[in-house]
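These come from TrEMBL:
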REGION    1-40  region 'Disordered'
COMPBIAS  22-40  compositional bias 'Polar residues'
TRANSMEM  62-84  transmembrane segment
TRANSMEM  104-123  transmembrane segment
TRANSMEM  135-154  transmembrane segment
TRANSMEM  166-188  transmembrane segment
TRANSMEM  200-221  transmembrane segment
TRANSMEM  241-263  transmembrane segment
COILED    313-340  coiled coil
TRANSMEM  451-473  transmembrane segment
TRANSMEM  485-508  transmembrane segment
TRANSMEM  515-536  transmembrane segment
TRANSMEM  566-585  transmembrane segment
């Protein structure tokens, strides 16, 4: 509190409600009663204020954890596209699609999933994660229902049937891909902003990302064990695609709509204010730039007085303008900060090295997951009894991916160097940067950078590709589990660590937009590598590979020549990515040179 002179109030500034010389045993009973009542009222107000503050804090924590729980539910459902291999080969056998057409459907879904991510991230940052979650429910519902009826209609006219055109299936997977990115990004953004500034930011992001990887596991198990076709001999056959699509459409629609109410960001206004103040102190922003813009945008309007007196009307008008200006300033402050953060992010060369490496790693991983079913079909001679199934390997990929995401997220929190808050905003003229040498630092006796984890798991992914390319699995389908496990673990860890790196190096205030920009790259990678795989596979199916075992009665391909070239190239692509990440970390202008603990 302040007195009239602007100085802090001390005990001499306090004016008692009774004369200083009056005895405690005041002869006036009514005055004593008044004093007692005033004292009691004061302490009651203090107690009520403390209780209200505690209630507000408990309520904020409850909202934070409920949002986290539903974010996990969103992610547990969002990764339905990873179960594509469960039914992709049935598009060939039942709808008579070629391998190229099967890959067109998956590529379209990948493009629809990744390309709009910056827009959805922008939406998450500007209006919150609730709206994208609801939008994801609508997109999933429409997409899977349309795909279900397109599948039930049978082969399209282009394949000699009377079913719905091939383009309808493609359109349905456009909606499915967009729904995937909406639901995933709304959940991850919620976790990043609610927990990304604490000690356990890695596990807070790894948990929903791991749940996303796990979604393919439980959904493929539901499809293969509950929603299956009964063979004539009463045995369990392949998944009933029509029922499976109906199940996914209804379930994901409900989950997305509930997320509209459940996903909330806690204390976002404080986070924005703190970030703006740090930018002003950092030397990257002139002190009067933002406030000059804010002040020049306001003025008083004019109204004709009605029943109010002039003084009352002027007072109310002034208060209304003040509240309106305050609301507009808060909105403009958030928009300005996020736009500034986006510009700094895209102008950072290390972001492009990280993005290029992400493109070179995730593309091969996506292509492998989407084509699991047809890869398994190439491993044994034609018309032999399969000893494994796509559902098994979708589950292996999902489980190993989930374990890798949780392990890397947790270990990176425990072992990674301690990151200073707002380290990405420390400019050369920053006060914090100038005095950093004078302040004590929190250091660890032993630390392992997140980039080390990233490089290690990328190499693990390439080992799985090498085993497959070498022919080690050919005619030994039981060995394919090792390939699925290695690629699943490497792919999952890369997808877990990369957004954590983004949040550490560039902050969480604009995380949705920043991660959205980077997350576009897997779309291009999946397109390129799925096209390469389809081309090599189709060449083998057409008999272009000398000595290749080929079934002349269908469009399927058998033998090592169907995939070996593709996976040798994929392994080389991952090694190039590892070099780019190492350069972004330790090269000139890299994060280590800039003092960024990652």
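Cβ atoms are placed via backbone N, Cα and C, with glycine included.
Residues 106, 109, 113, 133, 136, 140, 144, 176-177, 179-180, 183-184, 186-188, 190-191, 194-195, 204, 207-209, 211-216, 218-220, 223, 248, 251-252, 255-256, 258-259, 262-266, 369-370, 394, 397-398 of the same chain lie 6+ residues outside the transmembrane segment (62-84) yet bring a C-beta within less than 8 angstroms of a C-beta in it. Note: the stretches the transmembrane segment (515-536) and the transmembrane segment (451-473) are not in contact (fewer than 3 CB pairs below 8 A, sequence gap of 6 or more). Remote same-chain partners of the transmembrane segment (241-263), defined as residues 6 or more beyond its termini with a Cβ less than 8 Å from a stretch Cβ, comprise 66-67, 70-71, 73-74, 77-78, 80, 86-87, 90, 94, 128-131, 133-138, 140-145, 147-148, 151-152, 179, 182-183, 186-187, 190, 219, 222-223, 227. Sequence-distant contacts of the transmembrane segment (104-123) (same chain, six or more residues past either end, CB-CB distance under 8 Å): 81, 84, 88, 91, 97, 131-132, 169-170, 173-178, 180-182, 185-186, 189, 366, 370-371, 511-517, 519-524, 526-527, 530-531. As a quick check, the transmembrane segment (451-473) and the transmembrane segment (566-585) clear the bar of 3 or more Cβ pairs under 8 A, pairs 6 or more apart, so the two touch. Within the same chain, residues 74, 78, 80, 94-95, 161-164, 168-169, 171-176, 178-180, 182-183, 186, 241-242, 245-246, 248-250, 252-257, 259-260 sit at least 6 positions outside the transmembrane segment (135-154) and bring their C-beta atoms closer than 8 Å to a C-beta of that stretch. Non-local neighbours of the transmembrane segment (200-221) in the same chain are 68, 71-80, 82-83, 86, 184, 187-188, 191-192, 194, 248, 390-391, 394-395, 397-399, 401-403, 405-406, 408-410, 412-413, 416, 450, 492, 495-496, 499-500, 503-504, 508; each lies 6+ residues outside the stretch with a CB under 8 Å from one of its CB atoms. Same-chain residues lying 6 or more positions outside the transmembrane segment (566-585) and placing a CB less than 8 Å from one of its CB atoms are 350, 353-354, 356-361, 363-364, 367-368, 449, 451, 454-455, 458-459, 461-462, 465-466, 468-469, 529, 532-533, 536, 591-592, 598.
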